[in-house]
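Over in Swiss-Prot, the protein carries these features:
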- E250: active site (ACT_SITE)
- Q11, E68, S137, G141, T142, T176, N203, N224: GTP binding site (BINDING)
- E68: Mg(2+) binding site (BINDING)
- Y441: site 'Involved in polymerization' (SITE)
Amino acid sequence: MREIISLHIGQAGVQIGNACWELYCKEHGILPNGQLDQNKMDDESAESFFSPTSVGTYVPRTLMVDLEPGVLDSIKTGKYRELYHPGQLISGKEDAANNYARGHYTVGKEIIEPAMEQIRRMADSCDGLQGFLIYHSFGGGTGSGFASLMMDRLAAEFGKKSKLEFSVYPAPKIATAVVEPYNSILTTHTTLDYSDCSFLVDNEAIYDMCRNLGIQRPYYTDINRVIAQVVSSITASLRFPGSLNVDLTEFQTNLVPYPRIHFPLVAYSPMLSKEKAAHEKLSVQEITNACFEPQNQMVRCDTRKGKYMACCLLFRGDVNPKEANNATANVKAKRTNQFVEWCPTGFKVGINSRKPTVLDGEAMAEVSRAVCALSNTTAISEAWKRLNNKFDLMFSKRAFVHWYVGEGMEEGEFSEAREDLAMLEDDYERISSNAEPVDEY
């Protein structure tokens, strides 16, 4: 069995986790108390994400950590309270106050040991641990500081195992904290060498998707359910049998041409409301084309200005290989999708026969087929550029820096992180002009 452990860190990580596990349970026919739904056939596919117990229940292979107890308390009293083992929900007593240094150096240090102990316990119960999925936000104190501390420890203890991130990136216009640019650049710098592949999501792009689904005022629940659908499509091939499945290491092999250039752009189609779905039946070609439209991207950036290095198309549901290959060939032939000269083929296709599932009360319609595109494109460097500019504006005045220094951080770490991000920006620039990134490790 190839098991995967999911780590949900900070408020965003835990709330996305809540939505994901709710969806996984429905997909695998697992009830909120961990028992199998008698109407669903028991297939072993659940065991890569769920651990079967001696009494016949299934427990998620997951750990949820937050430095303040509020969000985890709501899970402990919520609908799925019986699903998790109490040791899987670890909270501190005071939060990281949007401060990377608190999450990484002071408050985070107090709970890293119990968290690592729980991870070791879960890893020991696996037959063949494939790797870790880490869910967190860049902007929060716990999501940035504690996540990078944990990834540092994971690299030391489980060096060879894959580590994939699902990260909430600060949206261009919506900020949840003034110091988001600091936290984001510090965490990107610290995790750059530890993460094998990082899928970015920005709230603004998801807000727009929710509006397309007819949700006028999206709540975090709506946003997280959209993210959960996308994560489910990316992980479907790890959980269900399929004719062209993709495993964890295949993502890296096919999407990451250089170790640091590991931030694929994620797009998902179709995003249909129930009203629209009643009048539309989209073909494989149509949903594939839609994945290259800006409104279906998880991060705001202009792909026409960038070049593709690689693209992974993960189809699920009613799709046959011939249709998938034709759709891919047509996308490749389009002049707007430019590939770098040294990567002429550029497409990897995965097909999974299990169609997408939607949760009760969700705005999204149930469809017979969907596709998730993971594209490594130089256009995503726009996101780093925006963030670097915001960082520079604040750091030139040393604004808010004393909060970080007061928690044991050195001011030099800011400059070091910023230099690293400048190099990352430069690497993308060089690839765009068909040169190689500098100094390849």
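Each residue, glycine too, has its Cβ placed from N, Cα and C.
Sequence features annotated in Swiss-Prot and their locations in the structure.
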| residue | record | Cβ within 10 Å |
| --- | --- | --- |
| Q11 | GTP binding site | 25 |
| E68 | GTP binding site | 19 |
| S137 | GTP binding site | 30 |
| G141 | GTP binding site | 28 |
| T142 | GTP binding site | 36 |
| T176 | GTP binding site | 15 |
| N203 | GTP binding site | 24 |
| N224 | GTP binding site | 23 |
| E250 | active site | 16 |
- Task: Give the maximum pairwise CA distance in Å, whole number, for the residues Q11, E68, S137, G141, T142, T176, N203, N224 listed as binding GTP.
- Result: 22
- Task: Please report how many Å separate the Cα atom of N224 (GTP binding site) from that of the residue listed as 'active site', as a whole number.
- Result: 26
- Note on the structure: For E68 (GTP binding site), the three-state DSSP class is coil
- Message: Between G141 (GTP binding site) and E250 (active site), how many Å separate their Cα atoms?
- Response: 32
- Note on the structure: Under a three-state DSSP reduction, the secondary structure at T176 (GTP binding site) is coil
- Note on the structure: According to DSSP, N224 (GTP binding site) sits in helix
